[in-house]
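Just dropping this structure here.
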Amino acid sequence: MDFIERDFVDTMKSQLRESTDVKSPSRLHEHKKGYSESLSQGHVYELAQNLSKHDATQNRENEHFAVISDNEDVTVISIDSYLFHLQRHRYANNLTLARLMYAQLCAVGLETHEAVGNHVIPMFIDCGSLPDALRVFNYLLFPNEVSWTSLIVGHVSCGNPKDALHIYEQMQQENVNPKSYTLVAALQACAALKDFPWSLKIHSEAIANGFLDDSFVCNSLINSYAECGDLLQAEYVFNMCSVRDIVSWTSLLAGYVELGNPQHALDCLKQMQSEGVSPCEFTYACSLKACSNLGAFRKGQELHAEATSKGFDQCSHVANALIDLYGKCGSPFDAFQVFNLMPSRDVVSWTAVIAGYAECGPWLEALKLYDQMQIEGVYPNNITLASLIKACGRSGSQSRGYEVHTQVVLKGFDGETIVGNSLVSMYTKCFAFLEANQVFKMLTVKDAVSWTALIAGYTDSGDGLEALNCFDNMQLQYIPADAFTYSCVLKACSIIQDLQKGYKIHLHIIENDYEKDGPVCNALVDMYMKCGSIPEAHNVFDELQFRTVETWTSMIMGYSDGRMWPEVFHLFEQMQSDGIFPSAVTISSVLRACGNTGALERGRVIHKEFVTADALMIPTIANSLMSMYTKCGSLEEARKVFDKLHIRDATAYSVMIKGYGVIGEGKKAIECFRDMLKNGVSPDSVTFTCLLAACCHASLVYEGHALFRSMREDHGIEATLEHYVCMVGLFAKSGHLYEAERFLETFCLPYQRTWAALLSACKNYGEEELGNRSFEQLMIGNPYIPAWYVLMADTFAGSGNWNAASRLEELRKHSEIFKEPASALIEIEGQIHKFTVRNSPSKEVSDMVRSMNSRLKKEGHLPNLDSVLKSADDDEKEIGLCEHAEKLALAFGLIHTSQGQTIRVTKSMRICHDCHETNKFVSQIEKREIILRDDCSIHHFKDGSCSCGDNF
């Protein structure tokens, strides 16, 4: 029906208006010739015949009009038939038929008829042609509220909400009384514009016209106020509703989600269900988004089960919300399962699952999914490409990033800001700052997001100073910072630990009303924790109304970095009681705390409850779990986790190598390294650090030296300070003290840690002269570290020079260089108990220590009084040895564990010789295995011997 042209219709209308008698047969005959030339092949005649047949079937006796057919016959048609066919074409949404119908009306002069004309406008609006509707409207003599409302709806649908409200104003000026559906349409325009004053105006008109009893008006008011950001007004209208249906609840719930109150949204859902209102698919989609924003994984799973039981899980918006939830909660594999079950997948579905993998990994899966998406013919949008670019950046795949960049240009997305920002971020993550700045300079519009992309890139790469310089330049360009900008800048302050700059940024945040923003508050907490200002961090944390998984994680990580392990566990328990499911970073931080405290049982509980088979595919969780087990001395469990990994990267192998090393199994560490090479995994610098440390613990001099040479010659890895420290320690611990010194001098290593490693070995071998030289070098570097004085004093004592040892101790005390008291931790029934040297223990612990010493003396073990430097008689020295933290922890363990149960103790400093011998004898007498980890290695005592071979 393309032969109907708009200009013909306009011409026909103007010709018809030239006659005052539109019903005159002569006038109709006058236009017949021109009309037939334009509407060829009898289309008008066919339409007229159809209308006439409709009249005949309906027995119409209403007003009739004549239509001239091609053979000069006159067909009589009723107004009702025209109205019937107008409605039919309206519901069919067929614009071509609608235009043909209107041409017929023009031909007979009915386009200005009040009843007919007011039906034409909604027909064109529903057919998606606002211009046609406007032209018809301009010819109407008496447009009613239906026509006005249809135009308002049309403008809103076409994305012209301002024009919609202008039409509404004109309608009022023409004294046309609005109906309830008119206010609904106008409120949709208010919502689109987020125009609060207009919403209030229409609200008052709804009250004046008595429309507040209309549920559609109430629901539209709730939605409009929510979109305008005024939840108080939305709640007021909601509470005033006589009938609160599913739309009312969902509108309010969606408002809570959009305005950053996800917990209120879930509370709203709970109240709604308690009042007997069953959620619909849109309610579930909004609720799942709330869970996603909160990181409430478990609640999301519950809603998933509910939605599935009602058959809503197959709805695209629910499924997309589920994919988004699982992706953001660090479970991209669950997201993929939902994605896989979808009957039809649009670009939103593909983008959500790609974004999940891009955020959490494995990042290569995102790239594979994109390839599959292209095979299935789904065209990506800018969000898809931005997520794909993020995956390239996270995986460090610069070459693949170049490929995606090329596709971005070919598909015409290079002008998209979000894509450009992702490219900047990707290049910075790949340390390609030249390319990042080139993309940044080519951006046509550099807004806050653009600058933040560059700032975030520098921040993520660890260059906090350059990030702050970028922020200063951004301010010079008068670009206002947004919440994400502040988050990145605060992270930059954390990196360089610039607390003063952090304070200034905090003031900026308050001035710009971002102090209640969740991510900004998380960054503030993180900044204060990392800068050592725990009270400030707690102030921000306590003032938060809603704490997301990121908020809790920032606090937990801060306490973990500060080695405040009990606080880590306490916060983790609070987090769980609040229903917040931990992220991969949270789990890793808590597992680190378990490892550093020897809390094996607690670690096992976390493994069981939170680390699923899918979670093991996330590298940070898998590596943290293995590290926890190795630090707790449970190599068997660490190996089980390692063997279950589908992908074993260099980090996973390094964790296992380190685990074997600290327990003295150097040869197994080398065997693990060979297995790594055999499986085609390339070692990195950290791998060789763990490997050389393992050789050091096991005194494998030849193997260690060979690996040190192979590191550079075979693998192209340059030696770092860590490697040199391991080599010095390897030579020295094996008794080759002077060779260690020559190695140190040959490679010009004026580092404190290398001299400290040599001095430590001198203490073990009583080598006073070399120890003295090492001590002098350490004093040149930093004379205020108490550990150097302790090591040198022990070296003097080991060589029998008690006077020199005592003088050095006096010098340390006189210089007010105080050493931190040693402490020991032990886990009993999930609780961590701390013991500090010389702290008064309980009576039962004191009695157990005395009983233990008495039994050991009977078995022939005498205390090693040489390790006590203070001037005192032997009895006082023996009492001093009884106050050692690890002995108190051991005694407590013997009291509170059953016979035969393994005792695990973690000590903050290196174990002394007397305590080492004590543990050997206790393991033999009590028939117990004792696993003690100090700051150097793990000692596994069993049947009177230690895994270190007494070389520690």
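Cβ atoms are placed via backbone N, Cα and C, with glycine included.
According to TrEMBL:
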DOMAIN    860-951  domain 'DYW'
REGION    16-37  region 'Disordered'
REPEAT    144-178  repeat 'PPR'
REPEAT    245-279  repeat 'PPR'
REPEAT    346-380  repeat 'PPR'
REPEAT    447-481  repeat 'PPR'
REPEAT    548-582  repeat 'PPR'
REPEAT    649-683  repeat 'PPR'
REPEAT    684-714  repeat 'PPR'
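Help me understand the surroundings of these features in the structure.
For the repeat 'PPR' (144-178), the residues of the chain that approach it from at least six positions outside its boundaries are 114, 117-119, 121-122, 125, 128, 130, 133-134, 137, 185-186, 188-190, 192-193, 195, 198, 205, 209, judged by C-beta separation under 8 angstroms.
Packing against the repeat 'PPR' (245-279) from elsewhere in the chain are residues 215, 218-219, 222-223, 225-227, 229, 231, 234-235, 238, 286-287, 289-291, 293-294, 296, 299, 306, 310, 517-518, 545-546: each is 6 or more residues past its ends and has a CB under 8 Å from a CB in it.
Broken down with DSSP, the repeat 'PPR' (346-380) shows 27 helix, 0 strand, 8 coil.
For the repeat 'PPR' (447-481), residue counts in helix, strand and coil come to 26 helix, 0 strand, 9 coil, using DSSP.
When pLDDT is averaged over the repeat 'PPR' (548-582), the result is 86.
Within the chain, the repeat 'PPR' (649-683) has long-range Cβ neighbours (under 8 A, six or more residues past its boundaries) at 619, 622-623, 626-627, 629-631, 633, 635, 638-639, 642, 690-691, 693-700, 703, 707, 715, 717, 933, 937-938, 940, 947-949.
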Hey, which bits of the same chain come close to the repeat 'PPR' (447-481), Cβ under 8 Å, at least six residues off its ends?
417-418, 420-422, 424-425, 427-429, 431, 433, 436-437, 440, 488-489, 491-496, 498, 501, 508, 512
Where DSSP helix means H, G or I and strand means E or B, what are the helix, strand and coil counts for the repeat 'PPR' (144-178)?
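For the repeat 'PPR' (144-178), the helix, strand and coil counts are 26 helix, 0 strand, 9 coil.
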Can you work out which residues elsewhere in the same chain, 6+ from the ends of the repeat 'PPR' (684-714), have a Cβ less than 8 Å from its Cβ atoms?
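Those are 650-651, 653-655, 657-658, 660-667, 669-670, 673, 676, 720, 722-723, 726-727, 729-731, 733-734, 736, 937, 948, 951, in sequence order.
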